[in-house]
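Q: Quick one: the structure is below, questions incoming.
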Amino acid sequence: MGAGAVATSGETSGYAHLIDPNRKWYKNRRLVALNAWILLLLITSSTNGYDGSMMNGLQSIDHWRLYFGDPKGGKLGLFNAIQNIGSLAAYPFAPYVSDGVGRKASIFFGATIMCIATVLQAAAQSFGMFIGARFLIGFGLTFAASAAPLLVTELAYPTQRATLTSTYNSLWYSGAIIAAWTTFGSFKIQNTWSWRLPSAIQGLPAVIQVALIWFAPESPRWLVSKGRNEQALKTLAYYHADGNDQDPLVQYEYNEIKAAIDLDRTVAEKVGWKTLVATPGNRRRMRIIIAIAFFSQWSGNGLVSYYLNEVFKTIGITNGTHQLLINAILQMWNLAWALTASSLVEKIGRRILFISSTIGMIAFFTMQTICSAMYAKNGNNAAAYAVIAAIFLFFASYDLAYTPLIVTYTVEILPYQIRAKGFVVFNFAISLSLIFNQYVNPIALKKLGWKYYIVYIAWLTFELVFVYFFVIETKNRTLEETAVIFDGPENVDALAGVATNAVDEKGSDISIHEEKEKV
């Protein structure tokens, strides 16, 4: 079996003494530039968030429902699920593009496909054309979304890595907010542009990435893996130390990256999908990664993310304007909580956030179930309003961990050589869970109503048991140190030792050189 309630929060990273506490990123021109490039990568998540919220909104727009024959049940499930089916089709190829030709090339390729697909979606003349366009959006999104968070975590300044990587998934809600307010505004348009306009705006992040991605820096880790060590060192030095390639922090990062990749290079040519489960450490990683992927979609949040209007109908809220307005406000609430949690991941730690998040979800989803039952039995309006409050409180709990941490935790516990493949498995698991949700949820809600919520309460209880026994604390470590925790503590010490010794040797060489100059 895997790890139990293991914690390493008391340990500090080997690079901590190399960080200047007085060096603020917002006062450093090159760190500001680096974070601007990272922002370009973060908006990939917005496209995904936009889709869920847009499909929620379109279901409340009369012109969309009439144009496509008022889809219900399985047909409505297909409208939502087809994007994830497109994503599934791309997963076998995405890691090879990201590892083979680079993170930037993968993002460019995916964004280009999404640009074409959103044009087709906005211009759709039939059910088939709309479905085909959404399939292509999912296909392209996989290439971009499989590479963007990897590039974020592999480029970020060490002390900002966890926060920025956590922000990646949190910005899902930025896309959701834009979609919610766009559909709220276009609701008043009395023709097909009421749904064509939000369909077209979905492509905006991809357009920006196509225009700018080639100007962004490439991953130093990818560069080292391709033997382009000098370029990797130059990239680290330029953004992390104002161009000084002898800076102790840069030397520590560079030598640790080389050590980690050299450690895996002996098996690099044999790295295939079987490698993900070939060792006890990798099996522990995959068990956690697949579990949190399913948890992130099977915690009851999928009911609201794609079928909020169906949930509203169970409590008597049928006015389209009211549904769209609550959806828009909910997305703003979610973004605020997710970004707050993103800023706390290194202070509080992953493990505490996962446990606290799951406990909160159980409490507030139970509250939602009880109040929905009260409304169903006696039509109590106070109970209906309490359901809305429970939804907001549920998502505040969800956003503590399952929005900011699922991507961060996945990419940081995977060693470089299997990071792209492991992240694809994570996304694959999410797509499978989403397809299940998007087909099953509307059917179950229609047949069972509030009673369907009881299934999720039971599942959330299982989630709490799992995260308590299997989620390992990883805060205050470099990317390489975090990845090897699962292979035993001796590997962590060995890796840090290589990097520290290299820095010490470099420091000694510099000191000797300075002494000779004085003589």
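Glycine too: its Cβ is placed from the backbone N, Cα and C atoms.
Whatever TrEMBL says is automated annotation, not expert-curated.
The transmembrane segment annotation in TrEMBL covers 31-50, 105-124, 131-151, 171-189, 288-308, 328-345, 352-376, 382-401, 422-440, 452-471. According to TrEMBL, the domain 'Major facilitator superfamily (MFS) profile' annotation covers 37-475.
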Q: Residues sitting near the transmembrane segment (31-50): Cβ under 8 Å, six or more positions beyond its termini, same chain?
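A: Distant contacts of the transmembrane segment (31-50): 25, 107, 114, 137, 141, 144-145, 148-149, 151-152, 155-157, 160, 164, 167-176, 178-179, 201-202, 205-206, 208-209, 212-213, 215-217, 239-240.
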Q: Any chance you could find the range in 131-151, 171-189, 328-345, 352-376, 422-440 with the most Cβ pairs under 8 Å to the transmembrane segment (382-401)?
A: 352-376
Q: Looking at 131-151, 328-345, 422-440, which one has the highest count of Cβ pairs under 8 angstroms to the transmembrane segment (171-189)?
A: 328-345
Q: Return the average pLDDT for the domain 'Major facilitator superfamily (MFS) profile' (37-475) as a whole number.
A: 88
